[in-house]
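Undergrad: OK, Swiss-Prot features for this one:
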type	residues	note
BINDING	T58, D133, E195, K225, D229	substrate binding site
BINDING	196-198, N230, 259-264, E282, N317, 338-340, N383	NAD(+) binding site
Amino acid sequence: MTAKFTDYIVKDIGLAEFGRKEISLAETEMPGLMATREEYGPKQPLKGAKIAGSLHMTIQTAVLIETLVALGAEVRWVSCNIYSTQDHAAAAIAAAGIPVFAVKGETLKDYWDYTAKLFDWSDGGTPNMILDDGGDATMFVHQGLRAENGDTMFLDQHNSEEEEIFFALIKRILKEKPKGYFATLAKNIKGVSEETTTGVHRLYDMEKAGKLLFPAINVNDSVTKSKFDNLYGCRESLVDGIRRGTDVMLSGKVAMVAGFGDVGKGSAASLRQAGCRVMVSEVDPICALQAAMEGYQVVTMEDAAPIADIFVTATGNKDIITIEHMRAMKDRAIVCNIGHFDNEIQVATLKNMKWDNIKPQVDEITFPDGKRMILLSEGRLVNLGNAMGHPSFVMSASFTNQTLAQIELFQNQGKYEKKVYVLPKTLDEKVARLHLAKIGVKLTELRKDQADYIGVKVEGPFKADHYRY
């Protein structure tokens, strides 16, 4: 008799059937991942791969996980945000016998405890690959090894509640695990593929400092990720989160978007399409000029604070909306973030204010003068905390890139140095090509003489690496 599978933590395993139905629907909308299963499944290119995955545990991610398994990998999974898990998706993955540790609304302590579970394989082994979103799984290994090697002073110098919890976990592991635990982890990991802008920044910082422990592929800057997921995904999911959270009429409201990168562009478009009058702030003169040429009013946060009804941060930076900005806002202004971390808004400064929880991930905060502010998802990702994240189709492109990156790193161990790489343009174009038929796109084909005339191959790639799209 087979032992009952118990290597998981989910909210309710009884949600598995519901999750499985939604996974089936998502598969129809994820042609890239399904084509990848069909092409690579017989070859089993990930056989022997033990992937530690830290990425929002959604229905779409479930399709990614099962694609990795179909290609031969063993997988353990956690969510990379305390509010982004879809509990029915986690239940379906657990019911399929895949270890997953993710609950929507989990505490920060739970979040980091679950992250630690990623690295404790049930057979006593360790992972040999990381699939990351935001870099927390990667940082777990790097900061753990740093402390294990004797540099422990930073463990007592936390700058946030989350850092305090994370550093306490490292201290505990150093006491409980055999000596050399983190060194073994670092040695066994052959590479990481990183999903998002914030995590990529962390990787490049470590590479620049000479501290990157294993090769990395920057999936975020694949064109079929950043120009689609970041842009078109946010264009659909931002207003979904705001509407589900507040039921507010968006048409006619004044909205302020901080940042006009790909995520900011999608966010501004989302609000404009909903009928908002949109303002934008930027530090980059090129992005500021782009925003102005698109017809947005480009202002500072100081200008916008007393005027806007809705505020969205999309910068990947810290302290974008400060306590001073919040004090200057209208009564019941709506404040949210669509960047990866919660420090874009100075939520920690609100700790001693009066908090009234209206419903999950919607809080009304009252200032000493009686003014109120509506904060969504405690300043964490609004589209995943208050809604269901990006649609399946656009996530198919991102996750096909992730799958190809995992195959590339695992199949070519020793080829890559401890640096950050991007996938070649041939694969970027392949990912795009896999999604065309689903939406009825017919490509024009170059003749040989036309290809020769512009100096490309008939089958591509069609653009130079420096082309910006």
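Residue numbering: from 1, along the chain as shown.
Cβ atoms are placed via backbone N, Cα and C, with glycine included.
It should be emphasised that the depicted structure is a prediction, and the values quoted were computed from it without experimental measurement.
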Undergrad: So what sits near V263 (NAD(+) binding site) in its own chain, CB-to-CB under 8 Å and at least six residues off in sequence?
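TA: T197, N230, L231, C234, A314, I338, G339 - these are the non-local Cβ neighbours of V263 (NAD(+) binding site), listed in sequence order.
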Undergrad: When the Cα of T198 (NAD(+) binding site) is compared with the Cα of each of the binding-site residues T58, D133, K225, D229, which one is closest?
TA: D133
Undergrad: Report, as a single number, how many Cβ atoms besides its own are within 10 Å of the Cβ of I338 (NAD(+) binding site).
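TA: Neighbour count, Cβ to Cβ under the 10 Å cut-off: 30.
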Undergrad: Compile a sequence-ordered list of residues in the same chain as D229 (substrate binding site), six or more apart from it, whose Cβ lies below 8 A from its Cβ; state 'none' when nothing qualifies.
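TA: Sequence-distant Cβ neighbours: H390, V394, M395, A397, S398.
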Undergrad: Within its own chain, what residues at least 6 apart in sequence put their Cβ under 8 Å from the Cβ of G259 (NAD(+) binding site), listed in sequence order?
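TA: The list for G259 (NAD(+) binding site) reads V280, S281, E282, C287, T313, A314, T315, G316, N317, I320, G339, given in order along the sequence.
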Undergrad: Name the residue among the binding-site residues D133, E282 whose Cβ has the smallest number of other Cβ atoms within 10 Å.
TA: E282
Undergrad: Near K225 (substrate binding site) in space, meaning Cα within 10 angstroms, which of the binding-site residues do we find among T196, G261, H340?
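TA: If one measures from the Cα of K225 (substrate binding site), the binding-site residues that come within 10 Å are T196.
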Undergrad: How big is the Cα-to-Cα gap, in Å, between E195 (substrate binding site) and H340 (NAD(+) binding site)?
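TA: Just about 11 Å between their Cα atoms.
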Undergrad: Would you kindly give the Cα-Cα distance separating D133 (substrate binding site) and G261 (NAD(+) binding site), rounded to the nearest Å?
TA: 18
Undergrad: Could you say whether, by DSSP, T198 (NAD(+) binding site) belongs to a helix, a strand or a coil region?
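TA: SS state of T198 (NAD(+) binding site) = helix.
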Undergrad: Near T196 (NAD(+) binding site), which residues of its chain come within a Cβ-Cβ distance under 8 Å, counting only those 6 or more away in sequence?
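TA: When sequence neighbours closer than 6 are ignored, T196 (NAD(+) binding site) has D133, G134, N220, H340 within Cβ distance under 8 Å.
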